[in-house]
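Trainee: Pulled the feature table from Swiss-Prot, pasting it below:
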- H181: active site, proton acceptor (ACT_SITE)
- G15, S16, G17, N18, I19, G20, D39, N101, V124, T125, N126: NAD(+) binding site (BINDING)
- R88, R94, N126, R157: substrate binding site (BINDING)
Amino acid sequence: MRDMMIQSKKIALIGSGNIGGMIAYLIRLKNLGDVVLLDINDGMAKGKALDIAESSPIGKYNGEIFGTNNYADIENADAIIVTAGITRKPGMSRDDLISTNVNIIKEIATNIAKYAPNAFVIVVTNPLDVMVLAMYRYSHLPSNMIVGMAGVLDSARFSYFIAKELNVSVESVDSLVLGGHGDIMLPLIRYSSVSGVSIADLIKLGMITHDKVTEIVERTRKGGEEIVSLLKTGSAYYAPAESAVLMLDSYLNDKKLMLPCSAYLKGEYGVHDLFVGVPIIIGKNGVEKIVELQLTEEENSIFNNSVALIQNLVANI
C-alpha cells in the first residue's frame, strides 16, 4: 500500500472510467482533497491519476492523487464516489444493467464497510435507485451516509433545455426533478423558475408554450438515452461528474445545499425502505434533512408510479 501525505480530506473514487476520471479531475481543479482512484484495471487508474497529476503545475493545484487496484488504499476515506459498473449501449435501458452491476456494488460495499465505514458515499452507478439501495444493504452504513446522484443531473438537464428555449443564461434557471432516475422521473414545473419567475407565469406571458414545456419534460426524461444514442459506445460523463462533485463539495465543506438526490426514505412521501429522488440537505453529517414537499394529485400519481417501478426493480437484489 502506498503511503499518502494527507494534506486535506481523503476522497476515494471507485471506478476510473469516463465519469470517475472526470470526477478526479474536477476534484483537483476545485482543490477539494486528495484523491485515490481505484479500478480493477490497475493501468487505467494509475494512468489517469498520473495524467491528472502532471497537469497540476499548469493548473496550480496541490494535493495528492494516485491510482490503485487495492481496496486497502481507500482506508479511512472521508468520502467515496462509486461509478464502477458496465455502462449503457444504444438500445439498452438503465434497468438492463441490474444483475451485473449489483454484483459489482456488492463487492465494493463489502470493502467500504471494511476499510472506510465512516465515509460519506455517493453512488453514481446505474440503474441508480437500485444500486444505491444495494450499497446500503451490503455496506450496512447508516442511511444518512449514503446517497445516489440523479436529481442534480436531471434538474440540470431540465434547466439547460429551458434556458436554450427561452434564450436566457443557464444561471437564471432553477428547476427541481424528483422520483426515480429514469423514464418516470418527475420534473416539478411549479418549482421551476427563471430569475424567480415561475414557468407557469412565463407560459401566461407567452414566452414559452405549455406544449413546449411538455416536450422539454419528455426530453429530460430521455436525456441520458439521447447522449447514449449519439455516443454509441458509452454514456454521459461530463454532467454526471459535475453533479457528483457538487454533492461532494456540500458534504466536505458543510455547505448545506438543498439538492435533489436519491435518499433513503422512512415514511417521507409515503415511502418506506427505498432510495428515491427527493430534495435533501447535505452537510457535514451527510443527509441532514429530507425536505417533504406537498405534491399535487397529478404530481403524486407520477411520483408513485416512479416509486412502484423502483420497487419492482429492487425486488430481487
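Each residue's number is its place along the chain shown, starting with 1.
Note: Cβ is positioned from N, Cα and C throughout, glycine not excepted.
Distances, neighbours, how buried they are, the whole picture for these features please.
Mentor: Of all the Cβ atoms in the protein chains shown, 28 others lie within 10 Å of the Cβ of H181 (active site, proton acceptor).
Under the three-state DSSP scheme, V124 (NAD(+) binding site) falls in the coil class.
Of all Cβ atoms in the shown protein chains, 28 besides its own fall within 10 Å of the Cβ of N126 (NAD(+) binding site).
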Trainee: Report the nearest neighbour of R157 (substrate binding site) in space among the recorded positions G15, G17, V124, H181, comparing Cα positions.
Mentor: H181
Trainee: Taking Cα atoms as reference points, rank the binding-site residues G17, I19, D39, N126 by distance from H181 (active site, proton acceptor) and give the first.
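Mentor: Looking at Cα distances from H181 (active site, proton acceptor), the smallest one goes to N126.
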Trainee: Would you pick out, from the binding-site residues G15, G17, the residue whose Cβ has the largest number of other Cβ atoms within 10 Å?
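Mentor: Buried the deepest by this measure is G15.
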Trainee: Would you mind listing, in sequence order, the residues at least six apart from I19 (NAD(+) binding site) in the same chain with a Cβ closer than 8 Å to its Cβ?
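Mentor: Expected: T83, V124, Y237, P240, A241, A244.
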Trainee: Sequence gap of 6 or more, Cβ distance under 8 Å: name the residues on the same chain that satisfy this around D39 (NAD(+) binding site), in order along the sequence.
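Mentor: Sequence-distant Cβ neighbours: I14, G15, S16, G17, G20, A45, G67, N69, A84.
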